[in-house]
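Data first, discussion second: the structure below is written as structure tokens.
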Amino acid sequence: MGRKKIALIGAGNIGGTLALLAAQKELGDVVLFDVVEGVPQGKALDLSQVGPIAGFDAKISGSNDYADIAGADVIIVTAGVARKPGMSRDDLLGINLKVMKAVGEGIKANAPDAFVICITNPLDAMVWALREFSGLPHSKVVGMAGVLDSARFSHFIADEFDVSVKDVNTFVLGGHGDTMVPVVRYSTVNGIPVPDLVKMGLSSQDKIDAIVKRTRGGGGEIVALLGTGSAFYAPAASGIAMAEAYLGDQKRILPCAAYVDGQYGVDGLYVGVPVMIGAGGVEKIVEIELDDADKAGLQVSVDAVKELLEACKKLDPSLA
């Protein structure tokens, strides 16, 4: 059996990092696609020359032709404009919607059997639009949001309690933006819920509330510090974790922007929920019990996503 094929749409910072991680983990051969001539080819050549040093045999190629993604097992989409300081994810809507149309049509024509992971912002709207334009089953198109947001939450929690990140499990629901819902009571340190650790006097509610707020603004904090560009190492690592779950049929429970149809009282849109990812793609949506505060927070997030979808439909009537 031949190697798996990973197609990366967008050869920017996230795309390049995805290519390196996929090759290092030997997930398969990598095709790095971009509309800018020379960029994917140059990055692919540079990355290929890491192989003799890092010891991987994965082939990495660059292309400007969607035909070269044909037969891809996994496609990770990062194409589009990145956030700039002062720009919200939603400001990106008009520009990146057009990009998703081109990408969706390219996937539909060349790799209709792939498992597609969208990273382009504003995430919850872009993954929905990409699914609409590509026509793929909802179970085979998912957005990378909660894995990254939970990683940020976990990092801050590990710092607060001065413990290994390996012992921290956190959980973020809702849209990938300021309305996300970090669920503190389902977040644990080696199985001990964070609220219990607060009761033990190991932290304070004020500090945990500040961590929740910082998690919500995690992407913006990095954008402001960088001055130009946005986060790319952790987003790429998050996308690779999702790809590994699919390729290895790992049945991992990961928070992702998945198509929700009745669960959590939500109908017909993509929003961050815990899902099982295996060889069938999104195999199950895990519906956990939420308290009133988390339910209210999720509803605010859902309403924000709905507004974005309505804006998408106005910008491109074919989506209506």
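Just so you know, glycine gets a Cβ as well, placed from its N, Cα and C.
The model shown is predicted, which means the values in this text are computed figures rather than measured ones.
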Subject >> Additional site residue, N96, N169 [criterion: listed by Swiss-Prot with G10, A11, G12, N13, I14, G15, D34, I119, T120, N121 for NAD(+)] >> reply: N96
**OP:** In whole Å, could you give the widest CA to CA gap in the NAD(+) site formed by G10, A11, G12, N13, I14, G15, D34, N96, I119, T120, N121?
**Re:** 17
Original post:
From the Cα of R152 (substrate binding site) across to the Cα of I119 (NAD(+) binding site), what is the distance in angstrom?
Top reply: 16
Subject >> Between R152 (substrate binding site) and G12 (NAD(+) binding site): CA-CA distance (Å) >> reply: 22
**OP:** Please report the DSSP secondary structure of I119 (NAD(+) binding site), reduced to three states.
**Re:** coil
**OP:** In whole Å, note down how far the CA of N121 (NAD(+) binding site) lies from the CA of H176 (active site, proton acceptor).
**Re:** 9
